[in-house]
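> Got a structure for you, questions after.
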Amino acid sequence: MHRPPLPLVLLLLCCRAQAGEIIGGTESKPHSRPYMAYLEIVTSQEKQVACGGFLIRRDFVLTAAHCAGRSVTVTLGAHNIQKKEDTWQRLEVIKQFPYPKYEPVGVHDIMLLKLKEKANLTLAVGTLPLPPHVTFIRPGRMCQVAGWGRTGVKEPASSTLQEVKLRLMEPRACRHFRAFDHNLQLCVGNPQSTKSAFKGDSGGPLLCAGVAQGIVSYGLSSAKPPAVFTRISPYRPWIDEVLKEN
């Protein structure tokens with residue numbers, strides 16, 4: 001039976017950033033993931049939503065295409081997104097580059113964000129390496145995801161960065177997602193486990209051996225794993241082209 005997928009953005013309630021956690025994860029050590037970016041987005045319908053992302057160059061953040069909006073503000077160097085620290089760098093996005101063939105709740109869910117100013121690289125703010133174009137990471141690997149998404153479907157929000165280890169699954173585990181494409185996407189999270197990415201985690205990185213291999217894309221509204229992540233390696237030529245031209 002086909003079940004509708006759910007983009008993993010988080011609606012911001014009462015005009016404030018009320019982000020939560022990854023389901024089944026633990027709180028990250030503060031500033032142990034200096035590449036993490038918290039995105040505050042105003043949509044074309046004037047709604048405020050949140051996504052994750054990650055710094056790949058001092059002036060570029062990589063995220064999911066469904067996190068596009070009328071305006072985007074990026075916070076770097078954050079741990080507790082509701083408690084401002086000296087480590088914070090808040091930067092405006094001046095241009096959004098969603099992949100040209102992006103299909104909502106489908107494939108090509110990847111986007112580059114050009115920052116108005118270059119981030120200052122510090123102990124709390126740094127870049128994350130990307131895989132080469134030829135990389136094809138296979139099922140069975142254990143990887144890590146981090147984000148400020150909810151702890152559960154009905155759980156109260158938390159504000160600190162969370163992380164969880166998730167297994168890369170065989171493509172058949174994502175067969176209930178009609179648009180799933182194993183060549184362009186990753187099936188992430190053991191169906192027998194409760195650990196998963198959820199609302200607010202969209203756009204965050206999947207780390208395998210310290211390299212960003214995927215981007216949180218969509219999952220079931222029940223939060224039951226697995227979820228679908230965009231593979232990064234097939235898009236390296238496009239990423240490199242955008243970075244070179246900007």
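Every residue number used here counts from 1 along the chain in the order it is shown.
Placement of Cβ uses the backbone N, Cα and C atoms for every residue, glycine included.
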> Identify the disulfide partner of Cys208 as annotated in Swiss-Prot; candidates are Cys51, Cys67, Cys143.
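That would be Cys143, the partner Swiss-Prot lists for Cys208.
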> If you measure Cys187 (disulfide bond) to Cys67 (disulfide bond) at Cα, how many Å is it?
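Checking the Cα atoms of Cys187 (disulfide bond) and Cys67 (disulfide bond) gives a distance of 20 Å.
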> Which of the three DSSP states, helix, strand or coil, fits Cys208 (disulfide bond)?
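DSSP assigns Cys208 (disulfide bond) to strand.
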> What is the interatomic distance between the Cα atoms of Asp109 (active site, charge relay system) and His66 (active site, charge relay system), given in whole Å?
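Counting only the Cα atoms, the answer is 7 Å.
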